[in-house]
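Here is the structure we will look at.
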Amino acid sequence: MNTGETIELTVTDVAHGGVFVGRIGAEDGRGGRVIFVPDAIPGETVTVRLSDTRKSSFWRGEVLAVSDASPHRRPHVWAAADLDVAPEDRPGGADFGHIELSHQRELKLHVLRDALSRFGGMGADAVAAATLQPAPSVRGADGEVVASESADGTGWRTRVSLHVDENGNVGPFAARSHRVIPVDALPLATAGVQRAAQTLQGRAPGRLDLVQPADGRVRVIARADDAKRRPTASKDPAREVVRERVGAREFLVDAGGFWQVHRLAAAALDGLVGDAIETLAPGGLDPEAQHLDLYGGVGLFAAALGDRGARRIVSVESDPRATDNASENIAEWLGARAETARVDRWLNNWNSRATDRDRERVARGIVVLDPPRSGAGREVVESLVAAAPAGIVYVACDPVALARDISTFRAAGYEPRSIRGVDLFPHSHHIETVVTLSR
Ligand SMILES: C[S@@+](CC[C@H](N)C(=O)[O-])C[C@H]1O[C@@H](n2cnc3c(N)ncnc32)[C@H](O)[C@@H]1O
């Protein structure tokens, strides 16, 4: 068959990356050619236009219509991305938006467990123990709920990237392309970001990041595509330092720097990482031990360590602006410092220079690591296990990269003690996971 041809496809599974799986030419559900499609749900029969038939192992397609719909199908949370829009005109970023919210979470947990089994080599019981929860509500000092997830999973994005094309169109990119799709709503964004997005006409071509920190005021940061329009460093709005808040604690962050995207995410992860630390060190962290916050950003998890008794903390982060902010954010712990380095190099350096006393301190300490989507990778994991910390808390935003790293940890004797997913990206396939490991 050729690209452009139309087929009927029974969708049997969900795969990593927000795509769904069916097979054609299969007998009794076995064999046949795998077809990956977006916008479907397992159990459905859909009409698919083949969009890429070049590979022998699998083809790709686009869903044009649903002939037998799942009971979990809903009108898309983002009308611009629904099936009545041509596939090439559907904006990206809400690839589970056509699925009832609790079923989205079941599918995400299935993808996480499948990755742990296939790439992490974990047994059925350990895999089944992995959980996924919605973002927990945030409570104030006297226990009252001050912020919670919306019932329909919308209105959470405090950070959104839009694009301006050469014709002045403003909007997100289409799914799987770099074509700007003008839209009249951004339902996953906070109300403030949505309002700010209505004011962007007349901007020069390039990327626009809309950022709403804790003060509620939305910053619009132009990320010039060409160096000519790049603002000077001192006037760069991306470098304005804003304040984010987790409970009573404030964090300085560059407006254009990394901060968790969901308005409840930093508090949710602080809570889950805190639980993991308390599991590993039920009586509180050893103040004489050396604790590490790897891929530390502005020190969110260094503070989680400090809040639970750590005194000697090193936060390692490659972005010097983030470590500048981290230094201030963790200044109240006199033994804490932020270092600008790549984690792989920092660990290699540490392993080659550590004294017996350094090693003894790390062996009693906890390491939190929160790598980017590609995961920590074998080299970093092997360097980390060579340092032999008492416990590890791994915060992951990609289940397959996580599972591969877990496999490396397990080969060195570190076993996952708990695996807790949290849905910090409703209506998209993304999932955040916190894993507690120890020997
Ligand atoms: C997922 S973010 C986590 C940041 C922080 N833990 C937080 O939650 O706010 C990953 C961070 O790792 C940093 N990073 C990426 N690659 C790195 C590397 N090889 N070494 C050190 N830091 C890195 C990025 O700049 C980013 O701040």
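Cβ atoms here come from the backbone N, Cα and C positions, even for glycine.
In TrEMBL this protein carries:
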type     : residues                       : note
ACT_SITE : Cys397                         : active site, nucleophile
BINDING  : Gln260, Tyr295, Glu317, Asp370 : S-adenosyl-L-methionine binding site
DOMAIN   : 1-65                           : domain 'TRAM'
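Taking the features listed in TrEMBL, we show where each one sits on the structure.
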residue : record                               : contacts (Cβ under 8 Å, 6+ apart)
Gln260  : S-adenosyl-L-methionine binding site : Ala266, Leu269, Leu300, Leu424
Tyr295  : S-adenosyl-L-methionine binding site : Val316, Glu317, Val343, Leu369, Asp370, Pro371, Pro372, Ala376
Cys397  : active site, nucleophile             : Pro372, Arg373, His430, Ile431, Glu432, Thr433
Which secondary structure state does DSSP assign to Tyr295 (S-adenosyl-L-methionine binding site), in the simple three-class scheme? coil
On the 0 to 100 scale, where does the mean pLDDT of the domain 'TRAM' (1-65) fall? 93
Measure between the Cα atoms of every pair in Gln260, Tyr295, Glu317, Asp370, the residues the record assigns to S-adenosyl-L-methionine, and report the largest value in Å, rounded to a whole number. 15
Name them in sequence order: residues not among Gln260, Tyr295, Glu317, Asp370 whose Cβ is within 8 Å of the mean position of the Cβ atoms defining the S-adenosyl-L-methionine site. Phe258, Asp293, Gly296, Gly297, Leu300, Phe301, Pro371, Val395
For a quick check of packing: other C-beta atoms within 10 Å of the C-beta of Glu317 (S-adenosyl-L-methionine binding site), how many? 28
Cβ neighbour count (within 10 Å, all chains shown) around Asp370 (S-adenosyl-L-methionine binding site): 24
